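Peer 1: When I checked TrEMBL for this same protein, it listed these features:
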{"type": "DNA_BIND", "residues": "86-129", "note": "DNA-binding region"}
{"type": "DOMAIN", "residues": "84-128", "note": "domain 'Homeobox'"}
{"type": "REGION", "residues": "314-335", "note": "region 'Disordered'"}
{"type": "TRANSMEM", "residues": "36-56", "note": "transmembrane segment"}
{"type": "TRANSMEM", "residues": "136-155", "note": "transmembrane segment"}
{"type": "TRANSMEM", "residues": "175-194", "note": "transmembrane segment"}
{"type": "TRANSMEM", "residues": "229-252", "note": "transmembrane segment"}
{"type": "TRANSMEM", "residues": "272-293", "note": "transmembrane segment"}
Amino acid sequence: MAGLSAWFWNERFWLPHNVTWADLENPAPGVEYPKAGHLFTALPLALGIFVVRILFERFIAGPCARSLHIHQGAGRRAQPNAVLEKVFTSITKNPDSRHLDGLSKQLDWEVRKVQRWFRHRRNQDKPSTHTKFCESMWRFTFYLCIFTYGFQFLWQSPWMWDTRHCWYGYPYQDFLIMFIHHLATVSLISFSYVNNMARVGSLVLCVHDASDFLLEAAKMTNYAKYQRLCDFLFIVFSVAFFITRLVIYPIWVLNSTMFESWAIVGPYPSWWVFNVLLLVLQVLHIIWSYLIARIAIKAILRGKVGNDVRSDIESSSEDESASPTQGFKTSPYPCKGENGTNGHCASAKARAQNHNSW
């Protein structure tokens, strides 16, 4: 176990040359660096956020839904039937013609009646419009608050205006305040926290938070049946998504992580992993943008945004097919200048406090 731990926390993978974990564990008085152990605090925080969500949906989102005449609908429930229930839970929720014929003969029911039972049974498990509205209102509020907090903080940070400041003095950067912001992440931002790439991680969060609340706002207006407002918000969301994910992210974030960091800090093993993850994220951005563009174009041509994939009422057509629309300059060579860590980490550490005060 000790050997595995030593292999996983190998300094030459996580940190630039001439930097050790001991350098980060013993900072100067009044300075504190992020530590991997801080991430365990995310567990009780996640529980606390879950409790807040339950209270928010019950006492705030629920009354708002009712004021917009979005009520909890009982819906049509399938009549109790032990044979069909067993097939539904253990074999298939959408039986083919062979199963339908067999069940029809076994129960002495018409095939259409068996189809109707399975349709009603599937609809039982789908959340109501009231539930979906409350979920979207929570996500809208959470995303908007997180984005507002992050943008307000970054507005005062020099690395928002000049991304090279993400790498000056790296990894000797006092960045305790961003710990709270980083708790909202799962994998990529956790990775950035372990090796103290918190500054550039905050830029990634800002880009991704910029459009999420607009999508939830569009969903809310859709559930409330304000269709024109829904279409408008979805188009605004689409434009914001394209600009942040296809323009700002590659030009602002990827340029800094791949080229500016190479020139100022220099590459090391975890640097490659971090950038590969960011490039994978960009590929996902392109795929998502294509799907969103399809929905947006259809909305413009048809005059209506497609329904949420978790539709309350399933189509009664015999084919019962699913809807296709768903919810919605720097040189690349190592710099040997005094700001880099390619043999100059000692001078970087000496200047770190000065850079942190910017």
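Keep in mind that glycine also has a Cβ here, set from the backbone N, Cα and C atoms.
Those TrEMBL annotations? Automatic predictions, nothing curated.
Predicted, not measured: the structure shown is a model, and the values here were computed from it.
Thinking about packing and proximity, how do these listed features fit into the structure?
Peer 2: Only residues 6 or more beyond the boundaries of the transmembrane segment (136-155), in the same chain, are considered here, and those with a CB under 8 A from a CB of the stretch are 53, 56-57, 60-61, 64-65, 177-178, 181, 184, 202-203, 205-206, 209-210, 212-213, 216-217, 219-220, 223.
Here the transmembrane segment (229-252) has Cβ contacts under 8 Å with residues 163, 203-204, 207-208, 210-211, 214-215, 217-219, 221-222, 282, 285-286, 288-289, 292-293, 295-296, 299-300, 303-305, 328 of the same chain, all six or more residues outside its ends.
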Peer 1: Roughly where does the DNA-binding region (86-129) sit in mean pLDDT, to the nearest integer?
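Peer 2: Mean per-residue confidence for the DNA-binding region (86-129): 90 out of 100.
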Peer 1: Under the DSSP assignment, what numbers of helix, strand and coil residues are found in the domain 'Homeobox' (84-128)?
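Peer 2: Secondary-structure breakdown of the domain 'Homeobox' (84-128): 32 helix, 0 strand, 13 coil.
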